[in-house]
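*Asks:* Encoded as structure tokens, here's the structure I'll be asking about.
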Amino acid sequence: MSAMEAADVFHRARGRTLDAFSSEKEREWKGPFYFVQGADTQFGLMKAWSTGNCDAGGDEWGQEIRLTEQAVEAINKLNPKPKFFVLCGDLVHAMPGTPWRQEQTRDLQRVLKAVDQDIPLVMVSGNHDLGNAPTAETVEEFCQTWGDDYFSFWVGGVLFLVLNSQFLYDASRCPALKQAQDHWLDQQLNIAEQKQCQHAIVFQHIPLFLQSIDEDDDYFNLTKTVRKELAEKLTRAGIRAVFSGHYHRNAGGTYQNLDMVVSSAIGCQLGKDTHGLRVVAITAEKIVHRYYSLDELSQGGVEEDLKELLKE
């Protein structure tokens, strides 16, 4: 499937928003709802990891196709339907300009085409989607294929912000693009700070931190300077939660009133977690989330206690 054909399938973010949701109609709180978060489908990593060649490996991705198909089937069976399905980056393993990237992308788009048309997809960029040090060209390629790399949208009175976390990791090759996101983010946080929304939530690929705001710098988190500056901005604006991936394990912690949620992968696991998805229920007062293995969600769906929250 070409990028143009994919455009007919996905409500891709354009103009820094997602047209699947009307910002005018969705700005008011209408009661509890839920969404599903996934991360790191990363077609190709399981083969690359198994052979110890993560840089040049990844010439097979049949396992990831089957796992993502299982995730889509599980989501489609959910009742009531989630408001949306967000994929928090590393959609494919092949970096920009490397072998198998087009094939991996085409296969992922084909699998995602099966998501129920009433469940919009929200696509977040990861380091494998843009390169560890993105350029204007790699960002443009992502935008053409999947939609804007950062944007905001409203659902039921909740403001959702999607960030390009590679700009926070290494923007040395595209400083002007980072500045543009920074300026845009300040504008969005101003809306949240004025309490014009019931809650405000951020999606990005790389976590601010894995367990603690004061932890050491690591491949899997943002540097202390960057994370502390961003965490202060987010908490000052009243952001309630940041949902991310990248770690291929479940993790997370809190900073002041901010919940940092790190979800394991649909694809390759690097720890002891199972291939899975996170269900996130939003009520007037709280945000409750739970990670399910693909088998659990396929067979049992959302548990009754979470469903009860949706009736409040």
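Glycine is no exception: its Cβ is also placed from the backbone N, Cα and C atoms.
Pasting the feature list from Swiss-Prot:
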- Asp90: divalent metal cation 1 binding site (BINDING)
- Asp90, Asn127, His246: divalent metal cation 2 binding site (BINDING)
- Ser2: phosphoserine (MOD_RES)
- Ser293: phosphoserine (MOD_RES)
- 47-250: region 'Catalytic' (REGION)
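What's the neighbourhood like for each of these?
*Replies:* In the structure as shown, the Cβ atom of Asp90 (divalent metal cation 1 binding site) sits within 10 Å of 28 other Cβ atoms. According to DSSP, Asp90 (divalent metal cation 1 binding site) is assigned to coil rather than to any helix or strand.
All protein chains included, Ser293 (phosphoserine) registers 15 other Cβ atoms within 10 Å of its own Cβ.
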*Asks:* With a radius of 8 angstroms around the mean position of the C-beta atoms of Asp90, Asn127, His246, what other residues of the same chain does the divalent metal cation 2 site pick up?
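*Replies:* What remains near the Cβ centre is Asp40, Gln42, Gly89, Gly126, His128, Asp129, His205, Ile206, Gly245.
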*Asks:* How many Å lie between the Cα of Ser293 (phosphoserine) and the Cα of His246 (divalent metal cation 2 binding site)?
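*Replies:* Taking the Cα atoms only, Ser293 (phosphoserine) lies 17 Å from His246 (divalent metal cation 2 binding site).
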*Asks:* Helix, strand or coil by DSSP: which one applies to Ser293 (phosphoserine)?
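*Replies:* Once the DSSP labels are grouped into three classes, Ser293 (phosphoserine) ends up as strand.
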